[in-house]
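Peer 1: Here's a structure for you.
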Amino acid sequence: MESDNLQDPQEETLTCSICQSIFMNPVYLRCGHKFCEACLLLSQEDIKFPAYCPMCMQPFNQEYINDISLKKQVSIVRKKRLMKYLNSKEHKCVTHKAKKMIFCDKSKILLCHLCSDSQEHSGHTHCSIDVAVQEKMEELLKHMDSLWRRLKIQQNYVEIERRTTLWWLSVKLREEVIKRVYGKQCPPLCEERDQHIECLRHQSNTTLEELRKSEATIVHERNQLIEVYRELMTMSQRPYQELLVQDLDDLFRRSKLAAKLDMPQGMIPRLHAHSIPGLTARLNSFRVKISFKHSIMFGYTSVRPFDIRLLHESTSLDSAETHRVSWGKKSFSRGKYYWEVDLKDHEQWTVGVRKDPWLRGRSYAATPTDLFLLECLRKEDHYILITRIGGEHYIEKPVGQVGVFLDCEGGYVSFVDVAKSSLILSYSPGTFHCAVRPFFSAVYT
């Protein structure tokens, strides 16, 4: 490795502490430690949040800064080492005692100007060492960039690697909620409850097996990319004089094949919305008419600074979208209430309740602990349902009306797919003990 040749103490600062070689695309963290960008990200094998600095273990949440100045220093030092090597006595042509400043691409060797004119090499392609180094590095970096972009894209799917656990927890939570809902039905529907739970468990086990297969495919694909990328990176860090004489055709061939592999997307698990007999009929006994105040705002941050999306950073929102926010004219602190919100014309929306008062002076600011909402957001080519508890909920997106059931005494709110008379999800009893106000927000594109 090129780091083995470091002698100048100043040049020791150009060595990555992870790969123990000269920096490639150096970055630095807030704690001050510097690494190759690839070394830093690939060292986080579990892709945990927050991620930690490999040196001091301070969290950095995948936030780092490209060190342009250090990158320039690295380039200068590498060229300096090459010239030192070319000017050394050991490097001179044995036959002509001249410097070897010409590269023969056919033979992959360095030549002096007299050897390059010889009959042996007369039909070969020659160029100066500077040009050869530049072309070789450009080709290496081109392959590295192609694989790195694929690895970065795969980071959008890192949650898939832990989705099996999230799925299992989501199903267990849903099972408890379903039991609680059936327990409130009158008369108790024990047989229907057991059938519902059995169906849920069967779907859960089937999906879990598919998730594991999907996970294995993604991990295998990622490991293939990482293996080839590490080979390219190791080669790019070698001294220029060694890099030139290497035959990289096989490595470049494998790099192209790896870059063309189908990108596994991972499956998107969803639980079917099973009907609960008598659910909507029971909730309609608490039906109230909710009057809303309306406000139209432009831009996401001005509407929802509490940002539920913190649970899912990869969710994309268009800055040109318009968010219409509505909140109930009346707050509730006692009793049970049920209302429905028509969402058939909205693809992205938020429904639920939030702590009263809604307005704090003239500010719309709220903290996540003030909010008891169900939010539907677009994520790439599909939609997800999330709450501030439990993150993503793997339930089919409701089409049409969503029912909201508020139990002030119980301190929770539930959401219902009206068309299917099925439970979407429910907050746990005792989640809040305060007056709350109905809330609704929709996105207009």
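From the backbone N, Cα and C atoms, a Cβ is placed for every residue, glycine too.
On a predicted model such as this, the values are computed, not experimentally measured, just so you know.
Checked Swiss-Prot, it gives:
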- CYS93, HIS96, CYS115, HIS121: Zn(2+) binding site (BINDING)
- 270-445: domain 'B30.2/SPRY' (DOMAIN)
- 16-57: zinc finger (ZN_FING)
- 88-129: zinc finger (ZN_FING)
Peer 1: Any idea what DSSP makes of CYS115 (Zn(2+) binding site), helix, strand or coil?
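Peer 2: Assignment for CYS115 (Zn(2+) binding site) reads helix.
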Peer 1: Identify all same-chain residues not among CYS93, HIS96, CYS115, HIS121 whose C-beta atom falls within 8 angstroms of the centroid of the Zn(2+) site's C-beta atoms; report them in sequence order.
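Peer 2: Going along the sequence, the neighbours appear as THR95, ALA98, LYS100, LEU111, CYS112, HIS113, LEU114, SER116, SER118.
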Peer 1: For the zinc finger (88-129), would you mind checking the mean pLDDT of the predicted model?
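Peer 2: Averaged over the zinc finger (88-129), per-residue pLDDT gives 87.
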Peer 1: Since the record lists CYS93, CYS115 as binding-site residues, which of them has the fewest other Cβ atoms within 10 Å of its Cβ?
Peer 2: CYS93
Peer 1: Out of these binding-site residues, HIS96, HIS121, which one has the fewest other C-beta atoms within 10 Å of its own C-beta?
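Peer 2: Counting other Cβ atoms within 10 Å of each of the binding-site residues HIS96, HIS121 gives the minimum at HIS96.
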Peer 1: For the zinc finger (16-57), what are the DSSP-based totals of helix, strand and coil residues?
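Peer 2: With helix first, then strand, then coil, the zinc finger (16-57) has 7 helix, 8 strand, 27 coil.
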Peer 1: Let me know the DSSP-derived helix, strand or coil state of HIS121 (Zn(2+) binding site), please.
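Peer 2: SS state of HIS121 (Zn(2+) binding site) = coil.
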